[in-house]
Amino acid sequence: MIIYKQGITFLQKENNNTIHLNTMFFLSPAETHQRMAAENHSFVTKFILVGLTEKSELQLPLFLVFLGIYVVTVLGNLGMITLIGLSSHLHTPMYCFLSSLSFIDFCHSTVITPKMLVNFVTEKNIISYPECMTQLYFFLVFAIAECHMLAAMAYDGYVAICSPLLYSIIISNKACFSLILVVYVIGLICASAHIGCMFRVQFCKFDVINHYFCDLISILKLSCSSTYINELLILIFSGINILVPSLTILSSYIFIIASILRIRYTEGRSKAFSTCSSHISAVSVFFGSAAFMYLQPSSVSSMDQGKVSSVFYTIVVPMLNPLIYSLRNKDVHVALKKTLGKRTFL
């Protein structure tokens, strides 16, 4: 018997004096784990979504609640886009940003909510692998785009209030179009990078996603291969797409509030504060829930808490945005009255 590297070689002599070498190799713990992972790995064709809750008695009430929210979201955002498109006096950079935000909110909600509603009324919440990756891709595109669109709108408000005489120069039609284009490009690039890294992830036999949609973190928890690069990408992009827009919005509103405080008329000051507070509330809910989900260490994160947090920035905020940004907007009210008046006259 000869010990060679990590194996043991046996010398066996047969009756015809022929010597055979039989070698048995021992695998290291790391090699053993890789071998077991390879054996357990299978090409995943579908996933099972756990949903918001597994309690059957809550499925119908939740279906009705989220159906109502989705209907309001669709009507509010498509109504805002239509109203701005039909009203010539709203064809300005400010309302171009608002129209783009409404489009993003509509798409953001539509990527997730219809599938979730179907899952409420079906016994098996199955989603195919291609469908899951497609949902994840477009979710990331519109979620990231919304982060930067809110920042662009805050900057637009800062220029309008703090530098009104230079507004038409700084926020020209060309600058507005360029900012909107950059917002979508950032969303497409970041989403493509995430999906590209997902192709290197190997999934084990476990195919149950503890979420109501194909969330990035929930999918990575099913991996039986290293997800270090994916997690590093999440950390970097979350910092860029959450912290940078948040700081932009915060600094913009600090200057806006400082300008509002210089307003002499109490009525004008109170209206401006009321408008800003509603905007800040919507932005805080969106970025706060997103940061809770993606900037929290995985060691202390809870998927149940993450699902509740996700509801706010994927479903609730897209419903609230058109209401918040138009509720105290006189131009929108005038445009709505004119549009409804024309329809009544016709």
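The backbone N, Cα and C atoms fix where each Cβ goes, and this holds for glycine too.
What Swiss-Prot says about this protein:
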type     : residues      : note
DISULFID : Cys132-Cys214 : disulfide bond
CARBOHYD : Asn16         : N-linked glycosylation site
CARBOHYD : Asn40         : N-linked glycosylation site
TOPO_DOM : 1-60          : topological domain 'Extracellular'
TOPO_DOM : 82-89         : topological domain 'Cytoplasmic'
TOPO_DOM : 111-134       : topological domain 'Extracellular'
TOPO_DOM : 156-174       : topological domain 'Cytoplasmic'
TOPO_DOM : 196-232       : topological domain 'Extracellular'
TOPO_DOM : 253-272       : topological domain 'Cytoplasmic'
TOPO_DOM : 294-306       : topological domain 'Extracellular'
TOPO_DOM : 328-346       : topological domain 'Cytoplasmic'
TRANSMEM : 61-81         : transmembrane segment
TRANSMEM : 90-110        : transmembrane segment
TRANSMEM : 135-155       : transmembrane segment
TRANSMEM : 175-195       : transmembrane segment
TRANSMEM : 233-252       : transmembrane segment
TRANSMEM : 273-293       : transmembrane segment
TRANSMEM : 307-327       : transmembrane segment
Cβ atoms within 10 Å, counted per site: which of Cys132, Cys214 has the most, among these disulfide-bonded residues?
Cys214
Chain residues outside the topological domain 'Cytoplasmic' (253-272) and at least six past its termini with a C-beta under 8 angstroms from it:
154, 157-158, 161-162, 279-280, 328
Can you tell me which of 175-195, 273-293, 307-327 gets the most C-beta pairs within less than 8 Å of the transmembrane segment (135-155)?
175-195
Is the transmembrane segment (307-327) in contact with the transmembrane segment (273-293), using at least 3 Cβ pairs under 8 Å (sequence separation of 6 or more) as the test?
yes
Is it possible to list how many residues within the topological domain 'Cytoplasmic' (82-89) are helical, extended or coil according to DSSP?
7 helix, 0 strand, 1 coil
Counting by DSSP secondary structure, give me helix, strand and coil numbers for the topological domain 'Cytoplasmic' (156-174).
16 helix, 0 strand, 3 coil
What does DSSP assign Cys214 (disulfide bond), in three states?
coil
Per DSSP, how many helix, strand and coil residues does the topological domain 'Extracellular' (111-134) have?
16 helix, 3 strand, 5 coil
Same-chain residues at least 6 beyond the ends of the topological domain 'Extracellular' (111-134) with a Cβ under 8 Å from one of its Cβ atoms are 44-52, 59-60, 62-63, 66-67, 69-70, 73, 142, 195, 198, 209, 212-214, 219, 314-315
